[in-house]
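What follows is a structure written as structure tokens; I'll ask about it next.
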Amino acid sequence: MPAATVLHQPVGLVTSTLTLTTPLPKSKLVLLTSSSPKPRKTLRNFSYRSIKFKVPAAKKQNPELNNQNRRPENENSSLRARKDMENGFDIGWLPAFPHVSIASVSTFIFGYHIGVMNGPIVSVARELGFEGNPILEGLVVSIFIAGAFIGSISSGSIVDKLGCRRTFQIDAIPLILGAIISAQSHSLDEMLLGRFLVGIGIGVNTVLAPIYISEVAPTKYRGSLGTVCQLGTCLGIIASLFLGIPAEHDPHWWRTMLYIASLPGFVIALGMQFAVDSPRWLCKVGMLDDAKAVIRNLWGESEVDKAIEEFQSVIKNDGSDLDIQWSELLEEPHSRVALIGGALFVLQQFAGINGVLYFSSLTFQDVGITNAALASSFVGLTNFTGALCSSYLIDKEGRQKLLIGSYLGMAISMFLIVFAISLPLDQDFSNNLSIIGTFLYIFSFAIGAGPVTGLIIPELSSSRTRGKILGFSFSVHWVCNFLVGLFFLDLVETFGIAPVYAGFGSVSFLSALFAYYFIVETKGRSLEEIEMSLNPNLRGGGGK
């Protein structure tokens with residue numbers, strides 16, 4: 001397998017929780033393209049009941065919200081939180097972290113499956129009898145995307161009725177079975193079936209993880225905890241990269257890698273047995289006592305009454321909010337949020353992350369880095385560093401600023417590479433400039449366009465339609481993912497790399513403008529405050 005191919009596949013996948021490997025049918029290259037439960041035991045060892053903190057609202061809120069749902073401040077809680085902050089012990093995120101971590105195992109599975117077929121695809125093709133057929137090699141990967149599309153579009157209805165926790169556990173079934181069937185396959189048909197089942201599981205998980213984390217995390221830490229999804233995906237890809245090293249010498253190692261891929265499915269199925277349900281979903285199904293217990297354990301005693309009052313201002317707790325029709329997405333304000341969600345994924349994909357990561361393999365070779373694993377490590381470290389920075393900044397600077405800055409950085413990086421390619425510069429200087437532009441692009445993507453896109457859509461969505469809006473948005477993502485992978489090389493062959501990169505830079509700039517004009521800042525605001533600001537018809541009597 002050419003070095004460029006081996007490099008591109010794991011490298012491209014390190015970019016986003018929201019991105020997936022997609023095939024090039026005309027080539028061997030693979031381009032990169034989110035019943036009511038009974039009372040149960042939860043992770044109470046992490047429920048620091050003595051920790052009480054005050055969740056601040058955004059500095060600029062809808063004036064109407066400032067007059068709604070006001071409650072007396074708990075002075076003891078405020079003093080305790082202020083004292084913790086002054087002493088550098090702001091650990092209000094810690095009670096929710098174990099639950100978020102378990103949910104993020106699903107994104108680790110996502111990352112692992114993205115990278116698991118990269119290097120070993122040649123050995124798989126040779127053993128299963130389709131070596132040298134680029135169409136079938138691409139099909140092994142593309143069937144994954146088909147399953148992911150189906151999983152995403154169907155996940156909204158499931159999570160509305162069963163809640164995230166149970167859906168995570170049910171979704172572990174296709175993930176485990178698909179990995180085992182793929183590992184034991186002795187024909188192309190068996191491999192395709194296994195990859196399709198895994199794709200379904202991944203499609204559901206990409207929707208579940210951001211919904212669950214956004215509804216479980218305390219408002220103050222929702223952004224930082226939301227970026228754990230990005231970190232999980234990065235770690236999954238890195239794990240598959242290093243576990244794939246023996247495949248270079250052992251032609252049957254790919255079976256071991258696929259058996260290993262089934263293990264995280266067991267982890268999440270078991271871990272979710274001890275995790276909590278979303279307090280918002282519990283309120284929907286009328287389990288107010290359980291909802292209060294979750295809030296008390298994860299957010300603090302002082303937040304219970306305020307949170308329940310906010311939930312009931314937008315949620316009907318008689319179960320009627322569980323029966324949502326797709327036609328409701330055509331109504332305002334749901335249609336506006338659905339369009340924003342779909343547009344964010346279209347812009348994310350057509351800003352060129354897939355193409356840049358593929359072509360970066362050739363750029364690394366030009367400067368003498370021919371080792372695919374080494375080059376992948378450089379890109380993976382850059383991506384991981386960007387994700388860590390995003391974790392730190394997202395609740396301080398806000399989602400909108402990170403998106404705008406991210407896309408502007410990507411645009412500048414693209415035009416820097418176009419400058420290096422097009423102008424008659426010294427060859428070494430041109431190559432080094434291209435390397436700098438590539439790293440800057442990856443870092444810029446990882447700090448905003450990657451993690452923020454998957455986080456802000458559930459924040460903007462109403463409690464009633466959150467599942468279906470996320471399902472629709474991710475379905476758009478998979479379609480765009482496939483299209484970019486399908487046409488990228490043809491565009492490069494027809495127009496050249498500089499014009500294509502200039503197009504990516506232009507889309508990145510337009511994405512920054514889109515974020516400036518259409519994205520509402522959600523930092524420091526509860527999901528209910530955001531929903532009421534977008535739908536002023538809501539009143540304390542319950543949601544629409």
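Any Cβ shown, glycine's included, is placed from N, Cα and C.
OK, TrEMBL features for this one:
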type	residues	note
REGION	59-79	region 'Disordered'
COMPBIAS	63-79	compositional bias 'Polar residues'
TRANSMEM	91-115	transmembrane segment
DOMAIN	99-523	domain 'Major facilitator superfamily (MFS) profile'
TRANSMEM	135-156	transmembrane segment
TRANSMEM	192-213	transmembrane segment
TRANSMEM	225-245	transmembrane segment
TRANSMEM	257-276	transmembrane segment
TRANSMEM	372-395	transmembrane segment
TRANSMEM	402-423	transmembrane segment
TRANSMEM	435-457	transmembrane segment
TRANSMEM	469-489	transmembrane segment
TRANSMEM	495-519	transmembrane segment
So are the transmembrane segment (91-115) and the transmembrane segment (225-245) touching or not, going by 3+ C-beta pairs under 8 A with a sequence gap of 6 or more?
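Contact between the transmembrane segment (225-245) and the transmembrane segment (91-115): present, because at least 3 Cβ pairs are under 8 Å.
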Any residues 6+ beyond the ends of the transmembrane segment (192-213) with a Cβ under 8 Å from its own?
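For the transmembrane segment (192-213), the list is 17-18, 20, 34, 100, 103-104, 106-107, 109-110, 113, 117, 139-141, 143-156, 158-159, 164-165, 167-168, 171-175, 177-183, 185, 222, 225-226, 228-229, 258, 261, 265, 278, 454-455, 457-458, 466-467, 470-471, 474, 478.
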At a Cβ cut-off of 8 Å, and with pairs 6 or more apart in sequence only, do we get at least 3 pairs between the transmembrane segment (495-519) and the transmembrane segment (402-423), yes or no?
yes
